[in-house]
Amino acid sequence: MGDWVIGALINIVGSVAINFGTNLLKLGHDQREKLSAINNSEGNDKFVPKSVMHFQTWRIGILFFAAGNCLNFMSFAYAAQSLLAALGSIQFVSNIAFAYFVLNKTISVKVMVATTFIVFGNIFLVSFGNHQSPVYTPEQLIAKYSNLVFVLYCMSLVFVVAFNHYLYRSGETIISNSSKDAGTYWRTMLPFSYAVVSGAIGSCSVLFAKSLSNMLRLTMSSRYEFHSWFTYSIVLLFLCTAGFWMARLNEGLSLFDAILIVPMFQIAWTFFSICTGFVYFQEYQVFDTLRIIMFVLGMTFVFLGISLLAPDDSKAADTKDGLSATEESVIDMDRNGKMHMEETQADGSNSFVTSVKVKAKRVLLKAKSACSMSLGLGEESISASSVLAMPMVSSRTTGFRGIGNERSKYVPLRTTDWSNL
């Protein structure tokens, strides 16, 4: 049995564990809400809801979630990044099985068709993907950054990020200055450009994670010293890109309608994860014409299945209106930060130190909020999401939120639930 098979099996088990843990985290939040609803119906005004960490279901879920992430990290040392990034979609299948057997939910025909596409897509990806799993030395990994193809890819990635960021900012300006509805075009282009920027930068965390996993495997099999400037540089880059992805993931869920942003996030993350590993590790060298066609066909099947699993408009009516206490506090903190900054500017203070402190405080507040929601610690039911697997997210947030521009011009203000199906 080849190393790539071991890596693929470890990744599948890890993805299933992440999904199982995510669903247990959601069950913990549901149990907390149910307990609060019972006490409120009984007129117990003095009842103070316990933190979600007091529920055993949530604690077990966080253990599965952590174990799944560790397994996914290990898998990158044994198999190609392009293969494992796409293989993470197998969690959608386990998610449906969990919903059917544990949550007793009805599985629709649309969901079954989407699952079939994902399963067949993964069969194509595994059959025709890269089956090599070489172990690289730090010198080889460093040399790959100077490869001409990778340099050209990075330049094109910078252009894609800059163009989509410019498109997003231009769209915000156009819509804020328009008295009429922007229509379907900007309603789709804004979340699309947001997801592309998020996926292009955030998916680089997978590349750095694979490099770390590769060096860890090398350390265990030889006398290579794990402590080096290159190792610490990769760790820093991984933390930066992973943090960026988590922050953008949770912010995007609160900015955009789930029916648009969820599949865009998933497709953008998977596409750029595959492309980055495909180019950096020069996996294209082992592909012939047939394997390229079959691999692209498998990716198409997976993306089509993901698109079919997007939340339905009809589920909006079943969702709780309004924002959670956590989201409201985050918004209040953000608003207070902006008000404080505006007051500082109004006072005519030109202190550079004060400006830096205000901006740093806002960044820390957003980072804290993103980390809390990413780990399932927030009051809102935004499921935990791994940076090493395709994002599985749920949101009860409403349309756009923000200060300044009227967010309702971008998408309809309605709540849309991503029901993990």
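Each residue, glycine too, has its Cβ placed from N, Cα and C.
Per TrEMBL, these features apply:
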- 6-25: transmembrane segment (TRANSMEM)
- 60-78: transmembrane segment (TRANSMEM)
- 84-103: transmembrane segment (TRANSMEM)
- 110-128: transmembrane segment (TRANSMEM)
- 148-168: transmembrane segment (TRANSMEM)
- 189-209: transmembrane segment (TRANSMEM)
- 229-247: transmembrane segment (TRANSMEM)
- 259-280: transmembrane segment (TRANSMEM)
- 292-310: transmembrane segment (TRANSMEM)
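Comparison of 6-25, 60-78, 148-168, 259-280, 292-310 by number of C-beta pairs under 8 angstroms to the transmembrane segment (84-103) places 6-25 first. Counting same-chain residues at least six beyond the ends of the transmembrane segment (110-128), those with a Cβ under 8 angstroms from any Cβ of the stretch are 8, 83, 86-87, 89-90, 92-93, 96, 290-291, 294-295, 297-309, 421. Contacts between the transmembrane segment (189-209) and the transmembrane segment (259-280): present, as 3 or more C-beta pairs lie under 8 angstroms, all at sequence separation of six or more. For the transmembrane segment (60-78), the list of distant contacts is 3-4, 6-8, 10-11, 13-28, 84, 88, 133, 135, 206, 209-210, 212-214, 216-217, 375-376, 384, 386, 388-389: same-chain residues at least six beyond its ends, Cβ to Cβ under 8 Å.
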